[in-house]
Amino acid sequence: MVQGLIQIAITLLLLLIIVPNLGNYMAKVYLKQKTVLDPILLPLENLIYAISGLRSQREMTGWQYARSVIFSNILMGIFVFSLFSFQAILPFNPTQLAAPSWHLALHTTISFVTNTNQQHYSGETTFSYGSQLFALGFLMFTSAGTGLAVAMAFIRGLIGEPLGNFYVDLTRSITRILLPIALISGLILLSQGVPETLSPPASVTTLQGATQTLARGPVAHFESIKQLGENGGGFFGINSAHPFENPNGFSNLIETLLMLCIPTSLIYTYGVMIGNKKQAWLLFSMIFIIYVFLIAITALGEYQGNPLVNNLLTTQQPNLEGKEIRFGWAQTVLWAISTTGTMCGAVNGMHDSLMPLGGLSTLFNLFLQIIWGGQGTGTAYLFVFLIITVFLTGLMVGRSPEFLGRKIEKREIVFASVILLVHPFAILVPGAITLVFPEILSGISNPGFHGVSQVVYEYASAAANNGSGFEGLGDNTLWWNLSTSVVLLLGRYVPIIALLLLAESMRQKQPVPETTGTLRTDTGLFTAVTAGVILILGALTFLPVLALGPIAEGFKLGW
């Protein structure tokens, strides 16, 4: 146990070193300040602007920014869906894979456009190298860049500045943040044995004399942006549990840090951009404490093991079901909480095999969406909770609510409410329909409490743009592909539109001078109140579902 806890502690310590450095760099990128990469990247960006016809880098309003996001994402989706549909006749298909069904192609396209990467297929048997490279790999960069661009536009609006230009923000997000880090990390993974080849699957002879086919492909570069962009969609069916995606402990450390580095650093970037690093560190500390607490209770459940198995063996063993021995229970726990907290969705073990405390913690992350949160958008959701907290505390003490020197009024609260309410709606409505008709809408492999968790997790993962799953669910059917596609769209674009309109509303407000009566948001007390609001509004909404799922399952096992 001690060794496992030391591994977790080392990872978190490295993360704390990364946060201020990467956060500062990203602030310079979006504030258009000079960076060390300017001599290389400025010519590249100018070339991209020239090719794309982006001659005027004019500032956009909130609605213009939202339209640009949606229009560009639609075009990307049409392009990728076309590649899937004609996969059988396109190059880079050494295994001659046919095109997937139309509903699987539609679901996969929407899933990757929305930065969710929810997979109802196994990559090595469904999509060709060309589809993985030019369709899925392309969307991994653009969807992550879209999230970062929206977050930066939102922060600019909060402090009264123009929201910026979406196409410029998207380009800079990819060229200055995603590409450099993905390139370096891809080379590191390559050095650890992750393959990068266009050769067809290899046939080998096993020690027993049988012939086995080993799937491979251009994995290393795919894996790096998969983790860095919080995409999470694996090249292989079992994702980062596969030894060709994640061979050893060092690669596991690199991939864990990759999925954590940008969302954690964005909070520091926010502090730099508003000129208040103290508030950024307070917010970071609040999220970090919740994050560590979730790791602790999940680790407790996994270390104690399954009481049914332990009673049968008359000994106490950790729960190793669904885990890779090369990682063990500790690294699987850290990964599970990190991947559901950051909305990455990649897995190095099976979440369906987690003990009830682990299932509770992962669902808790998906419900809140701010324990680091999705690429860019998770940070924006955190600020929405700050606005709600300012409004509520202002009502309680009889002060006019203000945030960053601007009044919070009815219009802002309406937008904030839409952002917070669309998430439970997108999860609970289709989840209830599925549970009412389990025989017709087949796919649930576990009866009882765990079956409830499977269904809710699938829709929560889609609504939160996470993509992981309790993979005991048989989800490659017409119902699951279409219903989760609708949830994916609702969970991605309704909040983005509301966020940008909220930012535009804040931008248009006249700044209010700070007085002795102004509620300060950079204090420990306000941060504690914010944590309470997050738990009340975010967690209690889903308490009945948690009670019917992992909590009931835990009591059944003898908590």
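Yeah, the Cβs are placed from backbone N, Cα and C, and that goes for glycine too.
As annotated by Swiss-Prot, transmembrane segment applies to 2-22 (among others), with the evidence given as sequence analysis. A Cβ distance under 8 Å defines the sequence-distant neighbours of the transmembrane segment (2-22), meaning residues of its chain 6+ beyond its ends; these are 249, 253, 256-257, 260-262, 264-265, 267-268, 284, 292, 295, 299, 303, 328-331, 333-334.
Residues or ranges marked as transmembrane segment by Swiss-Prot: 69-89 (among others). If you look at the transmembrane segment (69-89), the same-chain residues 6 or more away from its ends with a CB under 8 A from one of its CBs are 96-100, 102, 105-106, 108-110, 112-114, 127-128, 130-131, 134-136, 138-139, 142-143, 146, 149-150, 166-167, 170, 493, 496-497, 500.
Annotation source Swiss-Prot lists transmembrane segment at 135-155 (among others).
Long-range contacts of the transmembrane segment (177-197) within the same chain, counting only residues at least 6 positions beyond its ends with a Cβ under 8 Å from a Cβ of the stretch, are 25-26, 29, 37, 141, 144-145, 148, 216-221, 223-225, 227-229, 244-248, 250-251, 254-255, 258, 261-262. Per Swiss-Prot, the feature transmembrane segment maps to 177-197 (among others).
Proximity of distant same-chain residues to the transmembrane segment (254-274), defined by a Cβ-Cβ separation under 8 Å and at least 6 residues beyond the stretch ends, is recorded for 11, 14-15, 18-24, 26-27, 30-31, 148, 151, 155-156, 158-159, 177, 181, 185, 188-189, 192, 223-224, 227-228, 230, 232, 240, 246, 280-281, 283-284, 287, 331, 334-335, 338-339, 342-344, 346, 348, 372-376, 378-379, 382-383, 404. Per Swiss-Prot, the feature transmembrane segment maps to 254-274 (among others); the stated evidence is sequence analysis.
Using a Cβ-Cβ cut-off under 8 Å and counting only residues 6 or more beyond its ends in the same chain, the transmembrane segment (280-300) has close neighbours at 4-5, 8, 12, 19, 23, 264, 267-268, 270-272, 329-330, 333-334, 336-337, 341, 354, 357-358, 360-362, 364-365, 370-372, 382, 386, 522-524, 527-528, 530-531. Under the heading transmembrane segment, Swiss-Prot lists 280-300 (among others).
As annotated by Swiss-Prot, transmembrane segment applies to 327-347 (among others), with the evidence given as sequence analysis.
Among residues of the same chain six or more beyond the transmembrane segment (354-374), those with a C-beta under 8 A of the stretch's C-beta atoms are 115, 147, 230, 260, 263-264, 287, 290-291, 294, 297-298, 300-302, 304-306, 319, 322, 333, 336-338, 340-343, 381-382, 385, 423, 427, 453, 456-457, 460-461, 463-466, 468, 470, 534, 538-539, 541-542, 545-546, 549-551, 553-554, 557, 559. The feature transmembrane segment is assigned by Swiss-Prot to 354-374 (among others), with sequence analysis given as support.
Residues or ranges marked as transmembrane segment by Swiss-Prot on the basis of sequence analysis: 378-398 (among others). Long-range neighbours of the transmembrane segment (378-398) within the same chain, counting only residues 6 or more positions beyond its ends whose Cβ lies under 8 Å from a Cβ of the stretch, are 150-151, 154-155, 158, 263, 266-267, 270, 283, 287, 342-343, 369-370, 372, 408, 412-413, 416, 419-420, 495, 499, 502, 519, 521, 526, 529-530, 533-534, 537-538.
According to Swiss-Prot, the feature transmembrane segment maps to 413-433 (among others).
Same-chain residues lying 6+ beyond the ends of the transmembrane segment (482-502) with a Cβ under 8 Å from its Cβ atoms: 62-63, 65-66, 69-70, 73, 103, 106-107, 110-111, 114-116, 118, 120, 150, 153-154, 157, 163, 377, 380-381, 384, 387, 412, 415-416, 418-419, 422-423, 425-427, 430, 433-434, 458-459, 462-465, 475. The transmembrane segment annotation in Swiss-Prot covers 482-502 (among others), and the record cites sequence analysis as its basis.
The transmembrane segment annotation in Swiss-Prot covers 531-551 (among others) and is backed by sequence analysis.
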